[in-house]
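**Q** Have a look at this one.
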Amino acid sequence: MSDQESVVSFNSQNTSMVDVEGQQPQQYVPSKTNSRANQLKLTKTETVKSLQDLGVTSAAPVPDINAPQTAKNNIFPEEYTMETPSGLVPVATLQSMGRTASALSRTRTKQLNRTATNSSSTGKEEMEEEETEEREDQSGENELDPEIEFVTFVTGDPENPHNWPSWVRWSYTVLLSILVICVAYGSACISGGLGTVEKKYHVGMEAAILSCSLMVIGFSLGPLIWSPVSDLYGRRVAYFVSMGLYVIFNIPCALAPNLGCLLACRFLCGVWSSSGLCLVGGSIADMFPSETRGKAIAFFAFAPYVGPVVGPLVNGFISVSTGRMDLIFWVNMAFAGVMWIISSAIPETYAPVILKRKAARLRKETGNPKIMTEQEAQGVSMSEMMRACLLRPLYFAVTEPVLVATCFYVCLIYSLLYAFFFAFPVIFGELYGYKDNLVGLMFIPIVIGALWALATTFYCENKYLQIVKQRKPTPEDRLLGAKIGAPFAAIALWILGATAYKHIIWVGPASAGLAFGFGMVLIYYSLNNYIIDCYVQYASSALATKVFLRSAGGAAFPLFTIQMYHKLNLHWGSWLLAFISTAMIALPFAFSYWGKGLRHKLSKKDYSIDSVEM
């Protein structure tokens, strides 16, 4: 009998063996086997040496933005982004490298103490409480079983979305961006035919506008459902269920016997379809490494702002030619149905779920019940789920002035877009006498400006990559796009107010859309990346704060836009918004120069990448 066979026979009831030399991936022997000969099969796992060769150290890095929100106290955050030769990393090996909950807790405490020196006394108290919580959560009682083996992607793994062919990843990126356009289109589809709502239900314009606003409100609440669903079951399941419900609830919208039924169903349509807004960015990020995902994310930044513009553009013609409100929703349902089928055909991109399935397959093949992901090993923390999806976003909204200021600007731009949907009917409908179909055509310049901005984002991304090669980047390096776009958004409103005269050809006010479309996409693209980099440790929660505030603004603005233009007249209505937009131009420039100091002074804690030891 060979030496190796002797080891196998002797360790037939053990799940792991220690590789003393640490030169090659060690081997474990499963306690059970499914083979006909009932022979145990040696399976390689990683050693300290092999992990160190891959760059793993005793310090745990910041989890990727797409790491599960429901996981907590990770000792191996690299699991979802790293490829290893064997695809299995024993907890015992990680613990021998110092990756234990208690050791990482001590490191975290030092980081908190360093950050406290730049904070107010209130901030210090907050950090002391968090430090206590960290010690309690990461006590020795919560150390993982050393016999557990975490599953990772193997080197060159075809299951890893990062390894899919480039054309496949970009095809999925375009399709997912169209899904976002579909959802955003649905929110504004009725804005091209509000007269049909008034006529059918015998209500005023204010009541009809609610059919648009309530769906946008649904956008702010839906992520509370779909983010945890995505964490637990994957993107594909979330898209299939949510978009299926969205398609179904368009039927009662089309057949609603009264306004109350229509408004209730529109709100639920917003809740169901919001998965497209809160998950697609993650799906795109799943397919690209952090170094190259910026250009792909630019498509996601483009989509939610172009989608609503297509609504009045298409449905203005339906309203004028047929006068049927129900046809608007049938068309919306058809669009949503097509995207439901397409999104369901896109394979799962979420690494934690892919690895869960891989772990289940390996458990079955080897008979080793201790192969799992770290999320499975720790279990789903409902308290952390609520904290990440609800409590922490609300906490950020009242304690993080930098985040609130940034979100306010995003909210303003998004709100101005929805304001355009109701300002253009006043300007081109009441002043120029155009019908809804021609009013819808006036939104084309916004689309052109947005396409121009999409091309410009590639320039911004290339400049950022140049900075990355030269030095360690800061969150403020992400603000180039906002500095370019901010003046254009304000200029658009000044043009709109200055050209809203009947004796001036329609090209004057319509051209404002070019500048606004260009500025709005650049601002959103830039500030979205800035938020992620400033709050990298809790990026999902910070983005949830942004989605909530943005949707609230988008829902509120349509309710008073028409009245504002009637009370202040066409010029001062636009100029009032122009004054606000002009004042906000200073924000990206101020943050670019003083952002780091402001974050350290005003934030309760430094959540950026700078605060973490790599």
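Yeah, the Cβs are placed from backbone N, Cα and C, and that goes for glycine too.
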**Q** Taking the topological domains recorded in Swiss-Prot, do Glu291 and Ser574 share a side of the membrane?
**A** no
**Q** Out of Ser50, Ser290, Ser321, report back the residue that Swiss-Prot marks as phosphoserine.
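**A** In Swiss-Prot, Ser50 carries the phosphoserine label; others show none in the record.
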**Q** Between 0 and 100, where does the mean pLDDT of the topological domain 'Extracellular' (258-266) sit?
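**A** It averages 94.
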**Q** Just to be sure I understand the packing, how many Cβ atoms besides its own are within 10 Å of the Cβ of Ser50 (phosphoserine)?
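**A** Its Cβ shell of radius 10 Å holds 22 other Cβ atoms.
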**Q** Need a quick answer: max count of Cβ pairs under 8 Å to the transmembrane segment (298-318), which of 327-347, 408-428, 479-499, 542-562 is it?
**A** 408-428
**Q** Report, as numbers and ranges, every residue of the chain located at least six residues beyond the transmembrane segment (438-458) whose Cβ falls under 8 Å of a Cβ in that stretch; write 'none' if there are none.
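**A** The answer is 192, 295, 298-299, 301-302, 305-306, 309-310, 312-317, 417, 420, 424-425, 428-429, 481, 484-485, 488, 506, 509-522, 525.
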**Q** Could you check whether the transmembrane segment (237-257) packs against the transmembrane segment (327-347) - three or more CB pairs closer than 8 Å, residues at least 6 apart in sequence?
**A** yes
**Q** For the topological domain 'Extracellular' (500-503), give me same-chain residues lying six or more residues beyond its boundaries with a C-beta closer than 8 angstroms to one of its C-beta atoms, as numbers and ranges.
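**A** For the topological domain 'Extracellular' (500-503), the far contacts come to 427, 431-432, 509, 570-571, 574.
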**Q** What stretch, picked from 174-194, 267-287, 327-347, 504-524, 542-562, has the most CB pairs under 8 A with the transmembrane segment (408-428)?
**A** 542-562
